[in-house]
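The region 'Disordered' feature in TrEMBL is assigned to 1-101, 143-163. The feature compositional bias 'Basic and acidic residues' is assigned by TrEMBL to 62-78, 88-101. Annotation comment: TrEMBL describes 151-162 as compositional bias 'Acidic residues'.
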Amino acid sequence: EERDRKRREQERKLGQMRAQPLMPAQSLLPPLQQVKPEKPSTLQRSHETVIRELQPQQQPRTIERRDLQYITISKEELSSSDSLSPDPWKRDAKEKLEKQQQMHIVDMLSKEIQELQNKPDRTGEENDRLRKLMLEWQFQKRLQESKQKDEDEDEEEDDDIDTMLIMQRLEAERRVRLQ
């Protein structure tokens, strides 16, 4: 019964997505995706957007953005990746690459915003695109600031823990000397 229900739900979602018209090809910003799998999905897809099908019980874990294309990563793919690899070198390299990609995205958004702002006579569609790009740019900037703040807090916590461990070690050495 559970399998049949899931299959019917997936078929219903697929039928709804096929019935919807495609968005204009020039739009690079994808529509918002609903997180709750019980509600029918009302996604419209542009040619540049790649979204892997999710089974009803799965929810998106993270959304990476590569050159203005979204890829939804499920929990299984995320857990199978080496993001929590025991090799710190690989992890650091991956984090650095992700940070560079994030900065590249912000740069691309900034360039396109500048181009649209410098254009003397914009159409309504271009004004709408400019507004969406500016919102996305603000979001990306806040995301970077938030990540930087988290990294700074983690470093402070690490420093506090290191200081506490050093103090405990010194205290233990002092006790040993006194005995």
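Each Cβ is built from the backbone N, Cα and C atoms, and glycine gets one as well.
Bear in mind that TrEMBL entries carry predicted annotations, made automatically and left uncurated.
Remember, predicted model here, so these are calculated numbers, not experimental data.
Here the region 'Disordered' (143-163) has, by DSSP, the following mix of helix, strand and coil residues: 21 helix, 0 strand, 0 coil. For the compositional bias 'Basic and acidic residues' (88-101), DSSP puts the residue distribution at 14 helix, 0 strand, 0 coil.
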